[in-house]
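Heads up, the thing below is written out as C-alpha cells.
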Amino acid sequence: MEEEEAMNAQQHSEDEAVMDGLDTPYGRDQDSCLTRRTVRKLDFILLPFLALLFLLNSLDKSNVGNAETAGFTRDAGLSAGDLNFSMAFFFAFFVALQPIGAALGRKYVSYLSLFYTRYEFAVRLGFFYGQSAVAGALGGVLSWAIFNRFPEPIKGPQPPPRDVALHFRDSGTQWKAWEVLFLIEGCTTMLVAMIGFLWLPHSAETAWFLNARERQWAEKRIHLDLDDTEPSDMRRPSKAGSDSGLVDDGHLPVYPHNIPDQDLDSSEGEAYDRLLDGRPTTRRRKASTVSTKSLTADSGLTRQDILSAFLNYKIWHLLICNILSAIPATAFGVFLPLVIKQLSPSLNFSPAQSNLLTAPPFLCGAVVLWLFMYWSDRSRQRIVPILYGLGLLLIGLTATILSGQERYTLRYLSLCVLLSGSFIASPLSVAWLTNNTPEPGKRAILLGINGWGNLAGVFSSLLFTPDQDESGYVRPFIVTLVCVLAAFVGYIAFWVLLLRENRWRDQVTATWDEEERQREERSGDVYIRASEVGWGWRMMAKLHSLFGESAPMESRRGDEKMNFRYSL
C-alpha cells in the first residue's frame, strides 16, 4: 500500500510540474494531431474488424430462425417446439460458460475499453453492438437470396455420395436450402476468426498499426481519462469539445504536449484534469484513482477485484434491468422471421419473402441505436437515453398488440418501431459500467456479470413458442411488454439510487479538510464512521469481513473512493 501510494504521489507531482506549460494554443494545435491520428487508426483498423467479428457471431446465433422458415426442424426429424428448447439450452449454457471465457481472456467490451476514453466509448460501442441488428438484416437478405437460388427440396435429408458432384438446382439434391445457409455463414466465421489471431493486438502497447509514439500515447490517454473521477458528464461540454462521431477534428479530448517521441511512458506528467472537455482548466488534476500499472494490458485479477465486484449491489440491480429489457432483442434476433411469417394468415409468405421482410425492422434498430449512442456521448448521459429507448420499445410493443393480424401493414410498421428501441438499453448499460469503474480488474468482472443478461434469451425462447403462432404471438408480446415496463421502472430507480449516492458522498466529504481530501484521492483510506454510512455500506462491510477483507469504510479503490461521483 505504501509503495503504491508513493508511486501515485510521484505521478501526481510530475503531472502538476508540467501542467503550467500545457495551456498554450500552439501546444494544443500541435498535440491534438497525435490524438486524432491515434483515434483515427483505431476507428479504421481495430474497430471495424471487431465489429465484423461481432456481426458474424450474431449472425450465427440467429440463423436458426431463418433456417426454420425453410423447414429446418422438419428436415432434421424434430418437432417445432424443439427449436425453442434448444435455443433456451443454448443461452443457459452460454451464460454458464461466460466466467470460463472471462478467465481465458478479455471480452469484446473490456477489450474496447482498453483503447477508447469514456466519452469516445458509447459511439464506438453503439457501432459495435449495432452489428447485432445489422446481422439480423443481413441474415434476412442472405436467407432470401439462398432460399430463392436453392429452392427447398421435397425429399428428406440424405447424406450426399462422396463421389457425386453436388447440384443445388436439382430437385433431388441432397443439400437443403438451410444447409447451404449454415455452410456459407459458418465457413465465413471460421475464416475471419483465424485472421483475427493475426489482426488484433494484445493491447495498445502491441498494436502493429500504431507507431511507437502512438502506442505509448494510446495507453497514456486511457490512464489520464480514468484519473478524472468527477462526473464530467454532468457538466455540459462546450461546442468545441463535444464529440460528434468516430473521428471529430473539432474535438480535442487530450493533449500529449511536449512529450518526446520516444519517451512517452506511464510515468510522464501530462495534462488536463478535464480530459474530455476539449479545453484547458486551471484546476490541478487529481492523484490517480487507479493503480499505476499498465491499463491497456491484460492483467490478472486480484481477490479484491472479485470481492468488490460481486459485493457491489449496483451490478445486481442493473443486471435485473438488463435481463428484462433485453428480452425483445434476444427474442426477435431469432424468431422475427417466424413472427413475420405469421403476420397475417391471408398473406401466406414464402420462406424467402418472410426473411426478406426482416431486413427493414433490423435496419431501423441499427440506425436508431447509432443515433442514441451519438446523443449519449454528446450529452454525456447514459440513463436518460436508456429511458427514451425503452419508451420507444413500449410504444412499439403496445402498437403491435393492438394492431392485430387483420391490420398487418400497421402491425409490420409497429414491429419496425419495436425493433428501433430493442437494442438501446444493453450497450448503454455497458457504457455506464465502463465509465464508472476505474479499476480494470473490477471492470472486467462487472462486465462479465452484466453479460448474464443473455439469460433473457432463455425466457424469450420459452415465450415465442409454436403454439402461439396462430394467435400472432399476442400472449408473448403482452408478457414482453410487462417485462420492459418493469425494466423502465428499474432504470428510474437506479437513477434515483445514483443521485442519492452522490449526494451522500457530498455530505460526508463536506466536513473533510484539504489533507483528508488529498489522502482519499491518493489511497482511499480516510476512515468513515459507521454512523455516517447507509445500510448498503454496512452490509458490504459485514460481507467483506466474512472474507477477511478490509471494509469499504477503511480501504477503498476506484469508484469506492469518497471523491468519486457516479455519472448518470
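Using N, Cα and C of the backbone, Cβ positions are placed for all residues, glycine too.
What TrEMBL says about a protein is an automatic prediction, not a curated fact.
Because the structure is a prediction, the values reported are computed rather than measured.
What TrEMBL annotates here:
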- 1-21: region 'Disordered' (REGION)
- 42-59: transmembrane segment (TRANSMEM)
- 85-105: transmembrane segment (TRANSMEM)
- 126-147: transmembrane segment (TRANSMEM)
- 180-200: transmembrane segment (TRANSMEM)
- 315-336: transmembrane segment (TRANSMEM)
- 356-374: transmembrane segment (TRANSMEM)
- 386-404: transmembrane segment (TRANSMEM)
- 410-433: transmembrane segment (TRANSMEM)
- 445-465: transmembrane segment (TRANSMEM)
- 477-498: transmembrane segment (TRANSMEM)
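Contact between the transmembrane segment (356-374) and the transmembrane segment (180-200) is not supported: fewer than 3 Cβ pairs lie under 8 Å, counting only residues 6 or more apart in sequence. With a cut-off of 8 Å on Cβ pairs spaced 6 or more residues apart, the transmembrane segment (445-465) and the transmembrane segment (315-336) reach 3 or more such pairs and are scored as touching. Only sequence-distant pairs (6 or more apart) were considered; of these, at least three Cβ pairs between the transmembrane segment (477-498) and the transmembrane segment (386-404) are under 8 A, so the stretches are in contact. In summary, the transmembrane segment (410-433) does not lie against the transmembrane segment (180-200): fewer than three C-beta pairs, each 6 or more positions apart in sequence, are under 8 Å. Tertiary neighbourhood of the transmembrane segment (386-404): same-chain residues 325, 328, 368, 372, 410-411, 413-422, 424-425, 428-429, 472, 474, 477-478, 480-481, 484-485, 487-488, 491-492, 495, selected by CB-CB distance under 8 Å and a gap of 6+ residues from either end. Tertiary neighbourhood of the transmembrane segment (180-200): same-chain residues 46, 49-50, 52-53, 56-57, 59-60, 63, 66-67, 70, 139, 142-143, 146-147, 150, 168, selected by CB-CB distance under 8 Å and a gap of 6+ residues from either end.
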